[in-house]
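Asker: The structure's right below; bear with me while I get my questions together.
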Amino acid sequence: AMGGNHTQPKFILLGITDTPWAQAPLFGLFLLIYIITLAGNVGLMVLVWVAPSLHTPMYFFLAHFSLADICYSTVISPKMLTDLLFGNKTISWAGCVTQFHLFALFVTAECYLLAAMAYDRHVAICHPLLYVTVVSPRACWQLVACSYLVASLSALVFTSCTFGGSFCGPRRVDHFFCDVSPVLRLACSDTRRGEAAIFALATANGLGTSGVILLSYGRILHAVLGMRSAPSRARAFHTCASHLVSVSVFYGTLFFMYLQPASRHGSWDKVASVFYAVVSPMLNPFIYSLRNKEVKAALGKCRRRMLKHW
């Protein structure tokens, strides 16, 4: 219940900084990052779609991962950019709820997709003979569907726990998007049970998926170190290293943000949020694909095909 007044209140996003001279350079920087994010992720999806050589489970998951990247950076960046440009920082109640809900959904889906990708690599490297049967097209669709199912249910819990109470006083969200802790800080009802539920679910999702990832890469590392030929060892090692860098940045900043009590949150939150909400979706297509021989080969083929048609 919203208390006595049933007019839906507006929230005010305080943004990344209130320093006037910093707004324009930040707008330029974040616009560039957002354009690169869209170009990189859409480009990767199109490439996976048109290149027959990339019709494998690994790239199937990568394409879905890119789609999630596009979605959750689009939930946050355009609003942040207009706020920086026009200084209009209000967001409606419905807008705030929707933004947070979609953000929670896509970030949780990414955690599960990363786990699916790690499992895929584990089967490919440790059990190559079983690969075709274990990671079948049907299994791939099931893994993606499950990722989104769990993410949808999680997002419902996160959203209802965050916005379920009553809000009074100045609704100034000290952040550049509607996120859990800055919104909960504005609630005037008791938020302890909601916070406990959010913490428990975020922990289960985070530790569950990162556990699968660490276990998979641990097994991969063990298998790679046992390989006879140095080139194949180096190649497998190379792929895994770049994946683990991306995973570490993503999970490191997520854990920093969501696996600490509300009272501990401070000025570093926005910096951490910029990493997983803005920078990570831009880097992912480059980390996962451009260091890849298959993607480079597919890109070369597409370029040659296009030049022929010109």
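Glycine too: its Cβ is placed from the backbone N, Cα and C atoms.
No curator has checked TrEMBL annotations; they are predicted automatically.
Keep in mind the model is a prediction, meaning the values are calculated, not measured.
Dumping what TrEMBL says about this protein:
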type	residues	note
TRANSMEM	26-51	transmembrane segment
DOMAIN	40-288	domain 'G-protein coupled receptors family 1 profile'
TRANSMEM	58-80	transmembrane segment
TRANSMEM	100-119	transmembrane segment
TRANSMEM	140-167	transmembrane segment
TRANSMEM	196-215	transmembrane segment
TRANSMEM	236-259	transmembrane segment
TRANSMEM	271-290	transmembrane segment
Asker: Hey, which bits of the same chain come close to the transmembrane segment (100-119), Cβ under 8 Å, at least six residues off its ends?
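Answerer: The answer is 58, 61-62, 64-65, 68-69, 71-72, 75-76, 143-144, 146-148, 150-152, 154-156, 158-159, 162-163, 177-180, 183, 205-206, 208-210, 212-213, 216-217, 243, 247, 250-251, 254, 276-277.
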Asker: Count the Cβ pairs between the transmembrane segment (26-51) and the transmembrane segment (271-290) that lie under 8 angstroms and are 6 or more residues apart in sequence, then report whether there are at least 3.
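Answerer: When sequence-distant Cβ pairs are counted, the transmembrane segment (271-290) touches the transmembrane segment (26-51), since at least 3 lie under 8 Å.
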Asker: Could you pull the average pLDDT for the domain 'G-protein coupled receptors family 1 profile' (40-288)?
Answerer: 88
